[in-house]
């Protein structure tokens, strides 16, 4: 049966446009049908060309999560879009020949007022505006009260997101493929407040205290203004995301390269 691929790329980045144009004949010459957006659900695999932000945006819109994603780095850091652009054609061929490894990523299911969102990296609840002093939040695990957070907000991250915003805010790196909640306070009012890694057997609920207003931002590209009546319920989806990664790479080699582990500081 003829294979089918759907290509998603960052239309605002010239290098991503160029890599997309070069990818089309590669697949067509090998008898692989390149699908339009309307037929995306028929794909056997996805290709995403851009940076990590492009992959997060694509993930939000993809109809399916049960097929492999080949993520080409046309951005900067590239924790998720791990395949270098100079290796693109070789990795395409390796995938078609079955010479690849896959990496499973767990992601959140986020329920806000009955509307469901996906979060691969993190859910951020933060103050309504920069001129507001702070936001006050309560977090529960099931029926168990965890903590009262006051400050600029809180980041609730997956292990995938532990190397993103959470890390910048002082959170820990958590290795794959664990299913845990990483709670990282943002500029907490209480200096004793520290990041927390929690078992994910129960859903988390985040609620605002009093008549507070706040923003909930999911993976940096989906935001909702909350008021005192809103609650955010976070749990792990039963679905997973599968990334195609080079055979000679592993999670820790990526961390060492991207974060310069072990390198001299001066």
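Every residue gets a Cβ built from N, Cα and C, even glycine.
Because TrEMBL annotations are produced automatically, they should be read as predictions rather than curated entries.
Residues 52, 53, 121, 122, 163, 164, 165, 166, 167, 168, 187, 221 are recorded by TrEMBL as NAD(+) binders, and the candidate that the same record lists for that site, out of 152, 199, 230, is 152. Under DSSP, residue 221 (NAD(+) binding site) is assigned to coil, being neither helix nor strand in the three-state scheme.
Each of the recorded positions 52, 152 was scored by how many other Cβ atoms lie within 10 Å of its Cβ, and the smallest score goes to 152. Among the residues the record lists as binding NAD(+), namely 52, 53, 121, 122, 152, 163, 164, 165, 166, 167, 168, 187, 221, the two farthest apart have Cα atoms separated by 25 Å. Among the listed binding-site residues, namely 166, 168, 221, the Cβ with the most fellow Cβ atoms inside 10 Å is that of 166. The CA atom of residue 164 (NAD(+) binding site) is located 10 Å away from the CA atom of residue 52 (active site, proton acceptor). Cα-Cα distance from residue 168 (NAD(+) binding site) to residue 52 (active site, proton acceptor): 16 Å (rounded to the nearest whole number).
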